[in-house]
Amino acid sequence: MKLLRNIGIAITVGFIVTAATATLSMIFTMFAEGSELGRRLTFFDGLFFEVRDGANGAIQMGFGVHDFTPIVLFFVISSVSVFAFLVALNFLRGYRAKLIDERAS
Amino acid sequence: MSFRSTLILVRFLLTFINRRVFGRGILRSKTAKTAAIAIALTAFVGYGLLTVVVVRQYFDAEIVEILLLSGGAATPFWVLIAYTIVRVLFLKADQLTQLTFMLPATNRERTLAFAIFEALMVVGASLITFGAFIIAAATISGFSIIWRAVAAIFFPTILCYLLFSIVYLGVERLVITIGAGRLRGLIIPFLFAAALVGMFTLANSQSQEMLQGYLSGQPYFIPQLGFLKIADSAGPALAVLVFLILLLALGTLVLVAAPKDYEPVKQHYRVLSGKLASSQLGLHLLALVRSFETLIVLLFATLATAGIAILKIEIPPYVLLFVTFQGVYAFANSEPIRRATPAVQGAVASYLNLVTAQAIVLLVVAVPAVAVSTWLGIGIQHSALAIGFSACNILLSTLVGILFPADNGNPFSVVVGVVLVFAIVAMVAMGLNIFSLPVAINVAVVVLLSVAVVAYSIVGINRIERIRRYEIVA
């Protein structure tokens with residue numbers, strides 16, 4: 001049950017971290033690159049951000065997925081890291097409780 | 001009136017926040033606290049950067065000036081919205097107010113102490129909302145825009161807030177005098193809702209007058225932009241002086257208007273038959289529907305639906321979202337049910353009762369709202385989407401109420417919980433938007449996240465109940 005809970009937490013947190021990092025990477029690229037025309041890649045080349053000329057001299061912005069591989073890899077690495085953190089935390093908590101018990105007895 | 005007593009009350013409330021908001025629920029853990037701060041900061045940085053990008057990309061100095069003037073002209077309208085929300089939250093905090101009765105303080109000192117926290121919430125929300133825009137605007141129009149924003153938006157915000165406080169306290173005095181003080185939980189939000197309709201019309205006409213005046217060069221007079229006019233014509237020092245005089249005068253009036261005695265707010269009204277209490281679900285439904293804040297949102301939703309039908313506004317039934325925010329109080333409000341029942345109720349059963357009761361209320365409100373939308377020509381798929389959003393919102397707000405339990409009806413847990421969950425939801429929604437996945441996959445992701453929300457809610461209830469039964473130690 002605990003293993004299942006940890007896997008659930010790891011997948012959820014991994015997804016939120018991936019979505020948040022992708023969003024921040026995209027916003028930061030838009031902020032840093034300004035309004036120069038062209039296509040830029042961000043988030044380990046997984047996402048693209050494009051500025052192009054539109055109608056009536058207006059500038060159009062677009063974004064999307066360039067390559068899913070780095071996004072999926074990031075999600076897997078985030079989830080595994082969170083899972084490893086939770087397992088280590090549980091182990092250390094158990095070890096601490098054991099030490100306290102030993103000292104008490 | 002002693003300011004020392006007020007300071008003691010402020011310290012008392014700070015201690016309450018520290019122990020009952022940051023020391024209970026998920027925020028008890030240091031890791032969770034650090035994560036919460038990181039989430040809030042990340043969301044704010046993202047919001048700030050996005051605002052800067054959009055403002056720099058699409059706006060020039062003239063548009064920034066028009067937006068600033070429009071924002072200033074609309075100040076009374078959105079301050080009234082913020083004030084109504086904050087007022088309902090603090091009316092719910094009746095038990096928290098009663099905790100201060102053992103302290104040597106008069107009702108005016110108590111009013112001032114609570115007003116400080118209310119004002120901090122409104123000023124904080126204004127800074128977060130406008131801060132990023134003003135910084136972005138400064139990169140286009142220069143640093144003088146910061147001062148102009150203070151004069152056009154922040155000065156009127158503070159004075160409008162005080163003005164609404166005087167009106168609220170005056171009405172409170174009046175209803176107490178006529179013997180209806182306990183009903184003010186329903187009466188006052190309704191008066192503010194009616195005022196919102198009038199304020200919306202006023203804000204629209206003032207914005208049009210300001211825009212026409214600005215574009216044609218004709219003079220126009222909008223009181224809330226008075227500080228900006230004074231600053232432009234006579235210098236910022238005079239604008240600050242006028243503001244300080246008005247601040248002092250309105251602040252004094254707030255204290256004078258505060259009632260001398262405190263009268264508790266009636267928290268529950270006899271709605272629906274008591275026979276429903278024969279089942280657990282019926283008990284949860286009564287606990288939800290009979291509380292005054294649910295009645296307020298139900299009546300708001302009904303009035304909004306009627307307004308949409310009369311004015312023939314073609315929008316999907318998003319008024320349903322009104323009734324889904326009650327979930328933040330669902331777990332705390334149903335505490336007596338769990339304590340009064342001799343048999344131990346499982347976490348799954350408790351959770352199902354909590355969300356089913358809210359779903360029943362949502363469906364009852366949905367029938368007329370969807371009927372009106374369909375009559376106005378809105379496709380049924382749009383209505384279904386609005387119901388789906390509302391159902392997800394019930395799950396989210398119930399999770400907020402479990403992770404950040406609003407003990408004693410305190411509004412601080414609600415605000416902290418809603419801000420954090422909103423930050424996470426906003427980041428996930430933007431992430432999904434950037435990934436541009438097919439609709440079916442997006443729906444699948446939302447369903448999976450909703451399942452995770454349900455699972456965490458049940459785990460949360462299970463843990464809280466086991467701690468209360470001394471089966472485990474927190």
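Quick reminder: no glycine exception, Cβ is built from N, Cα and C everywhere.
Predicted automatically and left uncurated, TrEMBL annotations should be read as such.
Given the structure is predicted, the values throughout are model-derived calculations rather than measurements.
The transmembrane segment feature in TrEMBL is assigned to B:34-54, B:66-90, B:111-139, B:145-171, B:183-203, B:237-258, B:285-309, B:315-332, B:352-378, B:384-405, B:412-435, B:441-459.
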Kindly say whether the transmembrane segment (B:412-435) and the transmembrane segment (B:34-54) touch, using the definition of 3 or more Cβ pairs under 8 Å where each pair is 6 or more positions apart.
yes
Looking only at the recorded stretches B:34-54, B:66-90, B:111-139, which one has the largest tally of CB-CB distances under 8 Å to the transmembrane segment (B:183-203)?
B:66-90
Test the contact criterion for the transmembrane segment (B:384-405) and the transmembrane segment (B:315-332): 3 or more CB pairs under 8 Å, pairs 6 or more apart in sequence, then answer yes or no.
yes
Beyond the flanks of the transmembrane segment (B:315-332) by 6 or more, those residues with Cβ under 8 Å of it:
92, 288, 291, 293-294, 297-298, 300-301, 304-305, 308, 354-355, 357-358, 361-362, 365-366, 369-370, 372-373, 378, 382-383, 385-387, 389-391, 393-402, 404-407, 409, 414, 417-418, 461
Residues of the same chain, at least six outside the transmembrane segment (B:285-309), with any C-beta under 8 angstroms of its C-beta?
88, 91-92, 185-186, 189-190, 193, 197, 265-272, 274, 276-277, 315, 317, 319-320, 322-323, 325-326, 329-330, 333-334, 336-337, 357-358, 360-361, 365, 368-369, 372-373, 375-376
Do we see three or more Cβ pairs under 8 Å linking the transmembrane segment (B:111-139) and the transmembrane segment (B:34-54), pairs being at least 6 apart in sequence?
yes
Other parts of the chain folded back onto the transmembrane segment (B:352-378), taken as Cβ under 8 Å at six or more residues beyond its ends:
280-281, 283-285, 287-289, 294, 298, 301-302, 305, 308-309, 312-317, 319-320, 322-324, 326-327, 330-331, 334, 386-387, 390-391, 394-395, 398
With Cβ-Cβ distances below 8 Å as the criterion, list the same-chain residues six or more beyond the ends of the transmembrane segment (B:237-258) that contact it, or say none.
1, 107-108, 111-112, 115, 151, 155, 158-159, 162-163, 165-166, 169-170, 173, 226-228, 230-231
